[in-house]
Ligand code: ATP
Ligand code: MG
């Protein structure tokens, strides 16, 4: 059976980008007919300046929102990364296979390190080694497919490289995974800065739609989205990134194709109005279920406890085998 693994960081409130680029596919496609694990990757949230209480709160909130989005614990395994020691155990071994040059070439490292330095902070070593821990997250489970947004392609490539290198040097231990992306919505852009990805830790708040935004807040953000000069509605990501992003959002919400949709609009205003309503309708059931789940925190905790137990059982034999293969004595 195909093994699927993916994760989300509790670094901020979940966004429309997270939902359209990753979570919705997990819910609608990946949890069916596969052996899927989904993880709130809290260790990754410690790689940048963080408030401990906030990370704990966001971890619980992310798990609750994943359930509210429709992940079904009967169909998949949902857990918190730090509850399963195997991730950190394997990460160290993979650090002995990866090189520092490989880490420094990672686009996300360069971007996030520049951001930290720009804010006057220092760069944590864990930000540099983050992709190795992510490779461990994936490889520990013998993962075949990693459903992610566009921005994670390079990290999944690294996981592939490390798997191949380890297998060649020390014997077959890991499955070589591949990234999968949704056809539409793999890179949702910030509404105020349509040349930058919408990210939950961005500074440009009004350009980010959060899953828990009230309908009127969603409407306001979408109606105020930066559009391009020119007036006709065409789908051109290079020349007209603002309009292309709105078309992409509308198409992703309605299951259509952004290029086809562009012909249906004569003004930016009409497009914004439809995109805003489509997002409001998309989020409505998620928000309703989230409210209900917040009233039952014991249920969410139970799901995570069981998920961690299952995940531990799946990861341990492979990580133990990798320890032996690389030269460590069994205990
Ligand atoms: P951060 O700014 O902390 O990196 P993020 O919003 O990028 O936050 P992640 O936890 O890094 O969120 O990513 C979770 C998943 O959401 C990944 O699969 C990632 O590719 C996807 N994703 C993130 N942002 C977008 C986006 N704007 N469009 C599509 N997919 C996205
Ligand atoms: Mg990210």
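Keep in mind that glycine also has a Cβ here, set from the backbone N, Cα and C atoms.
Per TrEMBL, the stretch carrying the note motif ''HIGH' region' among 1-9, 10-18 is 10-18. Residues 9, 10, 11, 17, 18, 149, 150, 151 are recorded by TrEMBL as ATP binders, and the candidate that the same record lists for that site, out of 107, 188, is 188. Note on the motif ''HIGH' region' (10-18): its mean pLDDT in the predicted model is 97. Neighbour density at the Cβ, taken as the number of other Cβ atoms within 10 Å, is lowest among the binding-site residues 137, 150 for 150.
Taking all protein chains in view, 25 other C-beta atoms sit within 10 angstroms of the C-beta of residue 18 (ATP binding site).
Sequence-distant neighbours of residue 9 (ATP binding site) (same chain, six or more apart, CB under 8 Å from its CB) are 40, 41, 42, 44, 45, 200, listed in sequence order. If you draw a 10 Å sphere around the CB of residue 11 (ATP binding site), it holds 20 other CB atoms from the protein chains shown.
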